[in-house]
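**Q** Take a look at what TrEMBL says about it:
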type     : residues                                                       : note
TRANSMEM : 20-42                                                          : transmembrane segment
TRANSMEM : 54-79                                                          : transmembrane segment
TRANSMEM : 91-113                                                         : transmembrane segment
TRANSMEM : 133-155                                                        : transmembrane segment
TRANSMEM : 167-185                                                        : transmembrane segment
DOMAIN   : 408-604                                                        : domain 'FtsK'
BINDING  : GLY425, ALA426, THR427, GLY428, SER429, GLY430, LYS431, SER432 : ATP binding site
Amino acid sequence: MARKKTKTKRKSKKKETRLLRHELVGLLLIFIAIFGSGASIISDGFIPATLENFFRFFLGIWYFVLSIAIFVIGLYLLFKRAYPNFFTKRKVGFYIFFLGLLLFTHIQSFQMLPFDIKNIDVFKETWTQYTSYVNGTGTYALLGGGFIGAILLVVTKFLFSLAGAKMIAIFAILIGIFFMLNITFDQVGMFFKRIFSTTTEKISENRQKQQDKKLKKKEEIEKIPSPVEEDVVDVAYSFEETEHGQLEVQLMEDVLEEQDDASFSVPNVTNEDYTLPPVSLLAEPVKHTQQKEKSQIQSTVKLLEETFDSFGVRAKITKAHVGPAVTKYEVHPEAGVKVSKIVNLQDDIALALAAQDIRIEAPIPGKSAVGIEVPNSDVAPVSLREVLDVSNVHEKKLLFALGKDISGNVVQGELNKMPHLLIAGATGSGKSVCINGIITSILMRATPDEVKMMMIDPKKVELNVYNGIPHLLTPVVTDPKKASVALRKIVVEMEHRYELFSDTGTRNLESYNSYIRKQNELSDEKVQPLPYIVVLVDELADLMMVASNDVEDAITRLAQMARAAGIHLIIATQRPSVDVITGVIKANIPSRIAFSVSSQVDSRTILDIGGAEKLLGRGDMLYIPVGMSKPIRVQGAFLSDDEVERIVTHCKNEQNVQYEEEMIPEEPSETLSDVEDELFEEAVQLIVEMQSASVSMLQRKFRIGYTRAARLIDMMEERNIVGPYEGNKPRMVLIEKNDEKSS
């Protein structure tokens, strides 16, 4: 016991001595920094002057940088009582930047001399300029980069010539800046690419405006009446031209009549002055180096391999991908090792790593490896601005940004290729933020005459902020009873569009719009191309509780047929149960996004596979686009309420909203909805002939469900065809056979 006490005392004494040594070194460095930079102005002592001249000898005019660095290190030692890490990425970048600066400064100072630099002994001239300055006869600017700058100049001049030395200095400065700011060359390329695309767009817009002005002037000149000239006209050529012109005009008249006969159509309003919201309205992304996660990779790999060895699993970890929310480790099992062995160790691996929860992807698609996804200690935020692609806005109108995958790559989706999207997840998992990101992406790429939206929000709080934007067909629908009517009106619009496609011989929205543009060039009567329509339902569960049959029928029809008509669905729910996301809906919506859910059953309901119960929340999602068998793990892009309000305000300021009155849903009345049942007349005939009315009889005769049969009986009661409900007795039929025949 006595030996242990003496050992602990020795250790504590050593620790105190080490800490005291750090404090003394820190004080000494602060003293050197203060007296080595500018103290000679205050004091004429030997030590300040000597230190300052010593620093000037090595660094020239940049001697004060060394003093600042020594001062900072001294403060760090004094307060932290430990030496700092001198070889981080940013510090290495600073070293490269500073060496490039010394070299460039020394070249510039030598070019100020009255003789040719090529014939100069660099070291000798550097010493001459230094001694003359110390003696009071030299110029401060000619000190350049000091003796270190002279060494760099001699080496680079010998290897690359003087011009090459200057280029090396510039490149070193740029590389150092990239390292210090943690900027990649890819980001710089994307920056210049965006600048180039914006400038080219502005140039093309200016050219188009100039051409439009020239055309207007030309039309005004052509309006001036010219003198009548009697020339010989080729009759056959003239007749064919007129006949062709009449044919084209007749086609356009047919299209116009079709659009006029429609139950409703999108308003033909084109605002050529409408400008898309700029990216500057979105918040700047927060830089996150994830240095902590990268430094923990080796220790995590060691723990994983030790865990595999302890359970007799022969496997090696070859790669690690650090993502915004999780780090993915690629495990290569040796020959003869079953993948199920690694999958069954999921809980043991989580215990060994002391992780909140892990997810195993077995195997990784396209690789002979198993992926183990371990949550990061700190989640790196992903902003919409850094993943939003605003280039080529004239091509892909329904392109939207989702976030970043595990490797840090941007994940985007194109709604017209999906063609519908199902989003599900528990409350607070990031579902509403994802919907806002999709809407904002579309608003920043498409004008109101290119994309129209219908939003259904039974919760009344999520989508109300978009009321008043010019892209809306109707105000945001918040009444669940009106939602089924709104969906039926979208179905009618889809059927009307297919009639237009049939009349014009086109197959989808893109070919129809190109046909209309060609016809507009040949005819004076202009027809507006049809826009895309995006239907957003923020909470499907509420709609299914109120009118499940009507909602499911409308969604099924739209999901099956609306793609070619340019109508696309985005359906979200926080209750991913089988009675909400039915098999019919799932079969027709192949693209799905699952956020964090409470159980594996909910995950299977959304994705047909487990895994969503392992997600971390706060935007962590599994994304299955159409055509993929396994999901992609994505950290969703965050969009604040302030950013949404700025985008919405910009859209409102650019153009006033014009709702389509025919598409505004009214609360459905019983009478109107009842007439739509095609079995009503047959059911009336049957009941009048049988002189007996019951729900079970209609079920047997017409082979229909209880709900529909009961609705038919209620319709007859409203029209005084049958009497009221009387318990176990059958209802009384109030119309006799003769009355029914006469009516």
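Note: Cβ is positioned from N, Cα and C throughout, glycine not excepted.
Can you walk me through where each of these features ends up in the structure?
**A** A Cβ distance under 8 Å defines the sequence-distant neighbours of the transmembrane segment (54-79), meaning residues of its chain 6+ beyond its ends; these are 22-23, 25-30, 32-34, 36-38, 98, 101-102, 105-106, 109, 130, 133, 140-141, 143-149.
Counting same-chain residues at least six beyond the ends of the transmembrane segment (91-113), those with a Cβ under 8 angstroms from any Cβ of the stretch are 59-62, 65, 85, 120, 122, 125-126, 129, 141-146, 148-150, 152-153, 156, 162, 165-166, 168-173, 175-180.
If one looks beyond the transmembrane segment (167-185) by at least 6 residues along the same chain, the residues whose Cβ comes under 8 Å of a Cβ in the stretch are 89-90, 92-101, 103-104, 107, 156, 160, 287, 289.
The predicted model assigns the domain 'FtsK' (408-604) a mean pLDDT of 88.
Within 10 Å of the C-beta atom of SER432 (ATP binding site) sit 21 other C-beta atoms, taking all shown protein chains into account.
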**Q** Go through THR427, SER429, our binding-site residues, and report the one whose Cβ sees the most other Cβ atoms within 10 Å.
**A** SER429
**Q** To test your reading of the ATP site: which residues beyond GLY425, ALA426, THR427, GLY428, SER429, GLY430, LYS431, SER432, same chain only, put their Cβ within 8 Å of the Cβ centroid of those residues?
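**A** So the extra residues in range turn out to be GLN574, PHE595, SER596, GLY617.
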**Q** Measure from the Cβ of LYS431 (ATP binding site) and count the other Cβ atoms within 10 Å, all protein chains considered.
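**A** The Cβ of LYS431 (ATP binding site) has 26 Cβ neighbours within 10 Å.
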**Q** Please determine which of the binding-site residues listed here (GLY425, GLY428, GLY430) has the lowest count of neighbouring CB atoms within 10 Å.
**A** GLY428
